[in-house]
Amino acid sequence: MCCEWLRCCGGGEARPRTVWLGHPEKRDQRYPRNVINNQKYNFFTFLPGVLFNQFKYFFNLYFLLLACSQFVPEMRLGALYTYWVPLGFVLAVTVIREAVEEIRCYVRDKEVNSQVYSRLTARGTVKVKSSNIQVGDLIIVEKNQRVPADMIFLRTSEKNGSCFLRTDQLDGETDWKLRLPVACTQRLPTAADLLQIRSYVYAEEPNIDIHNFVGTFTREDNDPPISESLSIENTLWAGTVVASGTVVGVVFFTLARELRSVMNTSNPRVSIGLFDLEVNCLTKILFGALVVVSLVMVALQHFAGRWYLQIIRFLLLFSNIIPISLRVNLDMGKIVYSWVIRRDSKIPGTVVRSSTIPEQLGRISYLLTDKTGTLTQNEMVFKRLHLGTVAYGLDSMDEVQSHIFSIYTQQSQDPPAQKGPTLTTKVRRTMSSRVHEAVKAIALCHNVTPVYESNGVTDQAEAEKQYEDSCRVYQASSPDEVALVQWTESVGLTLVGRDQSSMQLRTPGDQILNFTILQIFPFTYESKRMGIIVRDESTGEITFYMKGADVVMAGIVQYNDWLEEECGNMAREGLRVLVVAKKSLAEEQYQDFEARYVQAKLSVHDRSLKVATVIESLEMEMELLCLTGVEDQLQADVRPTLETLRNAGIKVWMLTGDKLETATCTAKNAHLVTRNQDIHVFRLVTNRGEAHLELNAFRRKHDCALVISGDSLEVCLKYYEYEFMELACQCPAVVCCRCAPTQKAQIVRLLQERTGKLTCAVGDGGNDVSMIQESDCGVGVEGKEGKQASLAADFSITQFKHLGRLLMVHGRNSYKRSAALSQFVIHRSLCISTMQAVFSSVFYFASVPLYQGFLIIGYSTIYTMFPVFSLVLDKDVKSEVAMLYPELYKDLLKGRPLSYKTFLIWVLISIYQGSTIMYGALLLFESEFVHIVAISFTSLILTELLMVALTIQTWHWLMTVAELLSLACYIASLVFLHEFIDVYFIATLSFLWKVSVITLVSCLPLYVLKYLRRRFSPPSYSKLTS
């Protein structure tokens, strides 16, 4: 992603800036427009850019020089059109294809740039397009709307004075982020007052760090002026989505190179496939052959006369050795493959954005995939509640519900007449109370806020007062927490209200329980747990609830013999496990804690350490209540798709911005790591020594999946890049968590450099764009979270499971078809060049063309074009078989369909057939030279048509039509070719038997060889087709 302005003007040095609220005209310099641009060219650079990209290939440059040489009289060999028409056609096809792709790209960008936002002005609120937003504008962003540029958060409509952001497009994290407005502007009575005050924001210079920000807000019209420090909590980065309320922000960076989201992406590249590079290499070999043949011809003339001119004439004469139609055929083939992919009903919604590289899909060795939204749906489902002696799964949640119901109905009734309850009711009651304690803890220990919205029937205020179920939505920084609270609602204990200091729960009997929040200890990546202290208003009891990861909670709860084992069992099922515990506190106990806690928070030195120490004094001997298991729902058919890819010889790496535990859970759940494989979790390393020790520990393990965090990865790559990549490439699977977008791209780049293999990157978010653009083949999944990744990718799919068919069927077919097509086009050109060489040798090495004018153009166009091009419809196995046996894909990774060996075989076939036809014609012709042309040319056309039939593996009706049509075209055109061919001679029996004999001699041995090879050394796929 880049900016028009940036491309035209070039950018100055990035500097800190001062932005006045609502006064773009007060800017200290001209800033770029807020434009998204994914195009490779602009209006002026399109034609020069496309032509440069074409002529930088040796192949095309050669033909340009060839065509230009025909303007020199001494070098002219025939009509100008014989050289310029094919070249013009090739360039026209390329320019039109690139133009179509650029126009599509422009339309997609325009759609994003045309999104409408509201801007606060002195005249009130006006609508403004995303591309017209300027630095200093006050922009209103509604709930579920994407933030259009980097902004400072000034106001929110939320009562609690904060808002949540979804940032998974930026950093890949599923947690929602809490953002706070500038206190000074939030206190203003209305949003319009923002324009009445004189205030400005000072922002640090743009940098790549999305997790930190330094700035200040200053209000000048106050006495004394008010200054507030700004941090990451006050920012709204472009590409994030507002998840609650309506927010107002001031724009300080627009969509140029200063944006955080843009700095974490790379520029679009011109995709050039490995297949094209290989074909380019073969054409260089053919050029070498051309030069050698020309030199030999001149040497056999003993370099007589102006021999250097003779060399050039021979170079032109044998120029067919390098087929100009090769580029056109391959480019048209790519268009056909793209069309076939788009039309495949088994993978609906698939879009081919870069039609230059479909063959790459057939040779992928490494697949790098994002997690959130790509492998998973980012929808959490509560799956398991474990109380030690009993576990409740999805099918037994009604039992939990009845326990909760019995507790609250008994509390409300409590009949005094019942004396001495029986043993069964006692057991029942103790079980119910245990379940109740666990559910209550889950319903209270979280950071979730219920929000009420009008639903058309009930307005917002009424819904809030009545706790209307149909209007309530939960907001939290983590989807896990929402899943837990939704589950407690489903079993009867509903969170209906919450503010900074209190919480309300509703029981199955519609009774409201009030709790005061005394303290809250939020979740951090270091502590891996969160705690809350609440007072029950009805009883005055104070309880400390805590939930967290099993590794930290094991040391906090009282001794038990089941925690570790059950956590392991649930983790193996791919569930995210949280351990829930509680501790009852006496009033004086809490007062003592609060005094120490407040004191620790006021200390200037080592504040965080002192605070942690005070909290830890409470975290001892806690009562273990339960384990909860939440599953991040996988996308449909992720497991079989990954299994297919593994069997096809593709190694899968998962690169995610999410937490280590979550990433490991998903890897197990998706069977990215198989059940019998060990997982080596790479310890957090910070320096060279630690990295060395950890790498040595990892080296001793075999057939083991690797899980590593972004920070450790950075240290390893800094000091031991070669060793780390060598070890990682041997792993069956690799999971990198807490990965920054630029790190994902770096891993792709290293894999390409270290292994030389083709990589494919799959992602759905803005944070995956760099990785997608860096890979050899980028695939974007069109998810719920916008289209940024799918717009930047070469291929766009709607579901991860479609990737299997895209690679196994379309990738495989595209590569095999292009390999056959390219080699056949080379064979077609070598045949006619061999005939020219034989002809020149026989006639004293004269540089005289065998076929003139239209014959030479017609040969590679209307006479053989359709049958040869019909090879793009050929396939060796049915698509169902290709999907059933992914091992067939593994064969392609060796690059055998197009190799020096197959190329050499086709060269030998061409030399044999060309020589046979020419010598046959010379032997069998009787009187006139024009008969040689008639016999040899007709035999050549028939040989080519028969060779196409020999190459085809699965006949398509269009192939038959193409063969018959070409033959009909040739016969019909003979009437107009009387200057080259004797029409009366063609009608004789003599002509027919001579052509038949020559064609038979040139083709029959090859048919026999093919039959014998099929009989005694069949290819692997032939067993599946029989």
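Here, residue 1 is simply the first one shown, and the rest follow in order.
Using the three backbone atoms N, Cα and C, a Cβ is placed for every residue, glycine included.
According to TrEMBL, the features are:
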- 24-84: domain 'P-type ATPase N-terminal' (DOMAIN)
- 43-65: transmembrane segment (TRANSMEM)
- 77-96: transmembrane segment (TRANSMEM)
- 119-251: domain 'P-type ATPase A' (DOMAIN)
- 236-256: transmembrane segment (TRANSMEM)
- 277-301: transmembrane segment (TRANSMEM)
- Asp370, Thr372, Asp764, Asp768: Mg(2+) binding site (BINDING)
- 825-845: transmembrane segment (TRANSMEM)
- 851-873: transmembrane segment (TRANSMEM)
- 903-923: transmembrane segment (TRANSMEM)
- 929-950: transmembrane segment (TRANSMEM)
- 957-977: transmembrane segment (TRANSMEM)
- 983-1009: transmembrane segment (TRANSMEM)
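Here the domain 'P-type ATPase N-terminal' (24-84) has, by DSSP, the following mix of helix, strand and coil residues: 32 helix, 1 strand, 28 coil. Listed by sequence, the residues of this chain that lie at least six past the ends of the transmembrane segment (957-977) yet keep a Cβ under 8 A from its Cβ atoms are 854-855, 858, 862-867, 869-870, 873-874, 938, 941, 945, 948-949, 983, 986. Non-local neighbours of the transmembrane segment (983-1009) in the same chain are 909, 912-913, 916-917, 920-921, 924-926, 928, 930-931, 934-936, 938-939, 942-943, 946-947, 950, 974-975, 977; each lies 6+ residues outside the stretch with a CB under 8 Å from one of its CB atoms. For the domain 'P-type ATPase N-terminal' (24-84), the model's average pLDDT works out to 80. Of the two recorded stretches, the transmembrane segment (903-923) lies close to the transmembrane segment (825-845), with three or more CB pairs under 8 Å once pairs fewer than 6 apart in sequence are set aside. Here the transmembrane segment (43-65) touches the transmembrane segment (277-301). Their Cβ atoms form 3 or more pairs under 8 Å, with each pair 6 or more residues apart. For the transmembrane segment (929-950), the residues of the chain that approach it from at least six positions outside its boundaries are 824, 827-828, 831-832, 835, 850-851, 855, 859, 863-864, 867-868, 870-871, 913, 917-918, 920-922, 959, 963, 966-967, 970, 980-982, 985-986, 991, 994-995, 998-999, 1002-1003, 1006-1007, 1010, judged by C-beta separation under 8 angstroms. Within the chain, the transmembrane segment (77-96) has long-range Cβ neighbours (under 8 A, six or more residues past its boundaries) at 47, 50-51, 54, 60, 63-64, 66-67, 70-71, 313, 316-317, 324-325, 327-328, 331-332, 847, 849, 852-853, 856-857, 860. Within the chain carrying the transmembrane segment (825-845), a Cβ under 8 angstroms from the stretch's Cβ atoms is held by residues 282, 286, 293, 297-298, 300-301, 314, 317-318, 320-323, 325-326, 329, 851, 856, 859-860, 864, 868, 903, 906-907, 909-911, 913-915, 917-919, 922, 936, 940, 943-944, 947, all 6 or more beyond its ends.
Sequence-remote contacts of a segment are chain residues at least 6 beyond its ends whose Cβ falls under 8 Å from one of its Cβ atoms, and for the transmembrane segment (236-256) they are 1-3, 5-6, 11, 17, 19, 21-22, 31-36, 120, 133-158, 163-167, 169-170, 176-177, 179, 181, 191, 194, 201, 203, 206, 210, 262, 451, 475, 766, 785, 788. The helix, strand and coil residue counts that DSSP assigns across the domain 'P-type ATPase A' (119-251) are 19 helix, 53 strand, 61 coil. Of the listed binding-site residues Asp370, Asp764, Asp768, the Cβ environment within 10 Å is emptiest of other Cβ atoms at Asp370. Its own atom aside, the Cβ of Thr372 (Mg(2+) binding site) has 28 Cβ atoms within 10 angstroms in the protein chains shown.
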